[in-house]
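**Q** This is the structure I have questions about; it appears just below.
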Amino acid sequence: MLFKQQALLRQKLFVLGSLAIGSLLYLVARVGSLDRLQPLCPIDGRFGPRSQDEIPLRALQFKRGLLHEFRKGNATKEQIRLHQLPKAIIIGVRKGGTRALLEMLNLHPAVVKASQEIHFFDNDENYAKGIEWYRKKMPFSYPHQITIEKSPAYFITEEVPERIYKMNSSIKLLIIVREPTTRAISDYTQVLEGKERKNKTYYKFEKLAIDPNTCEVNTKYKAVRTSIYTKHLERWLKYFPIEQFHIVDGDRLITEPLPELQLVEKFLNLPPRISQYNLYFNATRGFYCLRFNIVFNKCLAGSKGRIHPEVDTSVITKLRKFFHPFNQKFYQITGRTFNWP
């Protein structure tokens with residue numbers, strides 16, 4: 001009887017010991033495999049393979065950890081992603097295609113975009129928070145990358161040129177424009193849609209764009225005033241030379257985006273990386289969409305490409321005649337001619 005009990009005890013100890021050893025071996029193997037695993041990041045993957053001496057950016061090591069490694073001498077400055085002030089800003093114009101331009105430039109591996117409009121330089125309350133507040137609103141980026149933000153209100157706000165100049169007098173400035181009358185109607189359409197969502201009534205475009213007392217173009221109407229591009233640009237030229245501006249054709253960006261993006265790459269001194277592969281036409285939407293890689297595609301929000309209301313042809317003719325001399329001066333200053341009527 002005693003012998004059977006001893007044998008049974010030895011059998012149990014053997015089983016428990018085997019389980020313990022097996023669990024230990026599994027944990028050792030598991031830890032080893034985890035240590036070898038690289039986190040899959042579709043964004044970081046766009047920047048090409050890591051160099052052999054680069055430290056992998058794990059989730060919690062991303063900022064604080066790598067800074068610690070840098071202080072110990074185990075990482076280089078090129079391997080640390082920080083909030084960096086923008087080296088280029090899309091300053092306008094409203095309804096010219098600023099969002100499309102920003103998203104398309106983000107196809108380039110050396111470009112990092114601020115997702116939201118910061119409104120730092122045109123908003124007194126935000127500007128009073130200081131440059132460090134602005135910096136922290138920027139996305140993380142590597143030193144070799146260009147951070148870009150866009151806020152279309154910058155172009156028409158009087159205080160902005162001086163404020164940006166004080167931050168960086170050599171910054172590159174992007175302006176995307178469309179045919180002025182079309183842009184004004186698009187501006188109106190966006191406001192109209194907002195009113196309709198709130199079940200509010202709104203004036204017709206003709207009543208806003210034409211002064212009922214004089215029957216002339218109403219330059220007090222913001223949508224008209226914004227389309228007088230040369231007036232706003234002249235204010236910017238008091239602080240920045242024309243060489244620091246690049247004018248993007250917003251109408252062409254809709255129909256034939258690649259040549260416009262290649263011009264911007266050249267202006268920003270970026271190696272050519274955006275190709276026709278990255279842009280494909282979506283027949284349903286009527287716009288080009290973006291292809292980052294074989295699995296990640298992106299189209300602009302459904303609010304883009306609103307259908308414009310019908311506008312009296314005599315009003316369109318009057319507006320185009322009004323904008324014509326301003327357009328000619330804009331061509332002369334920028335050195336870029338558009339086929340605007």
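The backbone N, Cα and C atoms fix where each Cβ goes, and this holds for glycine too.
I grabbed these lines from TrEMBL:
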- 12-29: transmembrane segment (TRANSMEM)
- 86-330: domain 'Sulfotransferase' (DOMAIN)
- K95, G96, G97, T98, R99, R178, S186, Y288, K304, G305, R306, I307, H308: 3'-phosphoadenylyl sulfate binding site (BINDING)
- C289-C299: disulfide bond (DISULFID)
**Q** Taking only the Cα atoms, work out how far C289 (disulfide bond) lies from R99 (3'-phosphoadenylyl sulfate binding site), in Å, as a whole number.
**A** 13
**Q** Are there residues of the same chain, six or more positions away from K95 (3'-phosphoadenylyl sulfate binding site), whose CB falls under 8 angstroms from its CB, and which are they?
**A** P152, R178, R183, S186, D187, Q190
**Q** Hey, how far is R306 (3'-phosphoadenylyl sulfate binding site) from C299 (disulfide bond), Cα to Cα, in Å?
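**A** Roughly 15 Å, rounded to the nearest whole number.
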**Q** By a simple count, how many Cβ atoms lie within 10 Å of the Cβ of R99 (3'-phosphoadenylyl sulfate binding site), its own Cβ left out?
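**A** Taking all protein chains shown, R99 (3'-phosphoadenylyl sulfate binding site) has 18 Cβ neighbours within 10 Å.
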**Q** Measure from the Cβ of C289 (disulfide bond) and count the other Cβ atoms within 10 Å, all protein chains considered.
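**A** Taking every protein chain into account, the count is 16.
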**Q** In whole Å, note down how far the CA of R99 (3'-phosphoadenylyl sulfate binding site) lies from the CA of C299 (disulfide bond).
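**A** Distance between the two Cα atoms comes out at 11 Å.
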**Q** Counting only residues 6+ away in sequence within the same chain, which have a CB under 8 Å from the CB of G97 (3'-phosphoadenylyl sulfate binding site)?
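**A** Counting only residues 6 or more apart in sequence, the Cβ neighbours of G97 (3'-phosphoadenylyl sulfate binding site) under 8 Å are I176, R178, V248, G250, L253, I254.
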